Amino acid sequence: MSHANQSRPMTSRRSGPLTGEAQIPGDKSISHRALILGALSVGETRITGLLEGEDVLDTAKAMAAFGAKVERHGRGEWSVNGVGVGGFSEPEGVIDCGNSGTGVRLIMGAMATTPITATFTGDASLSRRPMARVTDPLSEFGAQITSREGGRLPITIQGVQDPMPVRYRTPVASAQIKSAILLAGLNAPGKTVVIESEPTRDHSERMLAGFGAEIHSETTPDGHVVTLTGRPELRAQPVAVPRDPSSAAFPVAAALIVPGSAIRVPGISRNPTRDGLYITLREMGADLVFENDREEGGEPVADLIVRHGKLKGVSVPAERAASMIDEFPILSVIAAFAEGKTVMNGVAELRVKESDRIDAMARGLEANGVTVEETPDSMTVHGMEKVPGGGTAVTHLDHRIAMSFMVLGMASEAPVTVDDGSPIATSFPDFTALMRGLGADLG
Ligand SMILES: O=C(O)C1=C[C@@H](OP(=O)(O)O)[C@@H](O)[C@H](O)C1
Ligand SMILES: C=C(OP(=O)(O)O)C(=O)O
């Protein structure tokens with residue numbers, strides 16, 4: 001889906017205390033994977049709590065285009081009747097993955113070892129993002145791939161009939177690269193191995209194991225090594241999608257910076273590959289209480305109670321970047337209200353997300369009176385007692401930039417505007433309603 005022609009400015013105003021419960025929608029990463037693994041399984045996969053954001057809906061359409069029967073039964077309730085590993089059929093049209101890096105990269109992996117041809121496109125943001133990081137390893141399986149200059153979309157993949165398993169060291173710590181290789185490895189005989197420098201989110205590994213694949217991970221002196229045995233029969237499984245910690249970060253941040261706030265966020269992920277923000281916030285002195293630790297949908301979760309309080313700036317180590325990669329935009333907003341400076345290290349990957357997130361946050365914060373320094377792979381935000389606000393941030397088709405500046409406006413002196421809030425629908429369609437329910441003034 002594309003927002004190119006429907007820019008929707010949004011403004012957020014200083015808010016009174018935020019209170020109540022924030023019911024966060026389903027995890028985007030897990031939702032994509034539930035649809036894709038459902039499509040690669042034999043039998044019916046029933047999904048509850050699926051995120052109905054545009055990114056995930058594009059993946060649902062793609063799975064139908066490759067031959068799976070994908071049906072919606074009610075809010076968040078979906079079923080996928082899969083075609084089995086290697087069972088994808090050739091899609092009739094072009095596969096449009098909209099704004100979603102996860103969608104396009106995982107689906108390219110899932111089809112590259114089946115002898116069919118597919119062409120992938122996306123919106124203006126996705127068309128700027130690097131794809132060679134995925135098409136390079138997929139070529140090693142034997143797939144024939146043509147792309148636009150610089151490894152960008154549109155990309156056509158001619159899947160390989162007799163794939164070779166691959167042993168691949170990822171050039172950057174990325175769950176999308178890892179997952180694309182593992183999904184391609186499903187239809188290659190023998191063992192496919194992915195080695196990453198830092199462990200990235202492990203939802204693919206957890207779900208592949210749940211669907212019956214033989215997969216294991218180990219931390220070695222050489223890195224984090226994931227080994228998958230190809231050609232399993234994946235068996236359909238019920239999937240209860242847990243809530244998205246990356247979406248939860250927005251109301252959590254708002255409660256931390258709006259004086260007098262105290263909110264409850266049930267079912268927050270405690271998966272150690274996703275919890276870097278919460279470790280960082282604790283170091284900043286945030287008042288966070290986790291209770292009712294339990295498991296939901298195969299993921300460790302807990303309820304979080306978060307209260308406004310004084311925060312101090314910290315230095316976030318580069319090794320933590322992968323476990324909070326999508327949370328840096330909102331962390332930079334929180335940092336603007338902390339005492340002292342917050343340094344985010346090893347974050348070069350932010351430059352190739354839906355936008356160059358370092359640039360987008362730096363320019364938007366500056367427009368609202370906050371001092372920011374940047375290097376190619378770091379960002380430093382200088383906290384201040386009162387954040388002036390009053391500026392407009394450009395969102396560049398990036399949902400996380402839009403939501404971050406809406407949160408900034410809830411605690412700054414003057415209102416904050418974004419040029420286009422429509423990308424929020426890619427990952428968190430109910431963001432505005434949820435924030436208003438807690439007492440925020442935005443729209
Ligand atoms: O695998 C996933 O579901 C995701 C991985 C991350 O990307 P990278 O793996 O490219 O860092 C993250 O930014 C994205 O929102 C979702
Ligand atoms: C980077 C993100 O998503 P994707 O790569 O799937 O577009 C995100 O949701 O912040």
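Backbone N, Cα and C atoms are what each Cβ position is placed from, and that goes for glycine too.
Because TrEMBL annotations are produced automatically, they should be read as predictions rather than curated entries.
According to TrEMBL, the protein carries these features:
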type     : residues                              : note
REGION   : 1-25                                  : region 'Disordered'
COMPBIAS : 1-14                                  : compositional bias 'Polar residues'
DOMAIN   : 15-432                                : domain 'Enolpyruvate transferase'
BINDING  : K28, G101, R129, Q176, R357, R400     : phosphoenolpyruvate binding site
BINDING  : K28, S29, R33, S174, Q176, D326, K353 : 3-phosphoshikimate binding site
ACT_SITE : D326                                  : active site, proton acceptor
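Positions of the features from TrEMBL, shown on the structure.
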residue	record	Cβ within 10 Å
K28	phosphoenolpyruvate binding site	26
S29	3-phosphoshikimate binding site	25
R33	3-phosphoshikimate binding site	24
G101	phosphoenolpyruvate binding site	21
R129	phosphoenolpyruvate binding site	19
S174	3-phosphoshikimate binding site	22
D326	3-phosphoshikimate binding site	23
K353	3-phosphoshikimate binding site	21
R357	phosphoenolpyruvate binding site	25
R400	phosphoenolpyruvate binding site	29
Point to revise | Among G101, Q176, R400, which are recorded as binding-site residues, the nearest neighbour of D326 (3-phosphoshikimate binding site) by Cα | key: R400
Exercise for review: Could you measure between S174 (3-phosphoshikimate binding site) and R129 (phosphoenolpyruvate binding site) for me? Cα positions, answer in whole angstrom.
Suggested key: 14
Study note, to complete from the structure: Taken over the domain 'Enolpyruvate transferase' (15-432), the predicted model's pLDDT averages 98
Check your understanding: Which of the binding-site residues listed here (S29, R33, K353) have a Cα atom within 10 Å of the Cα of R129 (phosphoenolpyruvate binding site)?
Key -> K353
Check your understanding: Considering only the binding-site residues S29, G101, R129, D326, K353, R400, which possess a Cβ situated under 6 angstroms from at least one atom of ligand 2?
Key -> G101, D326, K353, R400
Point to revise | Largest inter-residue Cα distance among K28, S29, R33, S174, Q176, D326, K353 [record-listed 3-phosphoshikimate binders, Å] | key: 19
Practice item. Anything from the binding-site residues S29, S174, Q176, D326, R357 with its Cβ under 6 A from ligand 1? List those in sequence order. Key: S29, S174, Q176, D326
Point to revise | All-chain count of other Cβ atoms within 10 Å of Q176 (phosphoenolpyruvate binding site) | key: 23
Review point. What counts of helix, strand and coil residues does DSSP assign across the region 'Disordered' (1-25)?
Key: 0 helix, 7 strand, 18 coil
**Study point:** Minimum Cα separation from K353 (3-phosphoshikimate binding site), reported as the residue among binding-site residues K28, G101, Q176, R400 that achieves it
**Key:** G101
Practice item. Can you grab the distance from R400 (phosphoenolpyruvate binding site) over to S29 (3-phosphoshikimate binding site)? Cα atoms, rounded to a whole Å. Key: 15
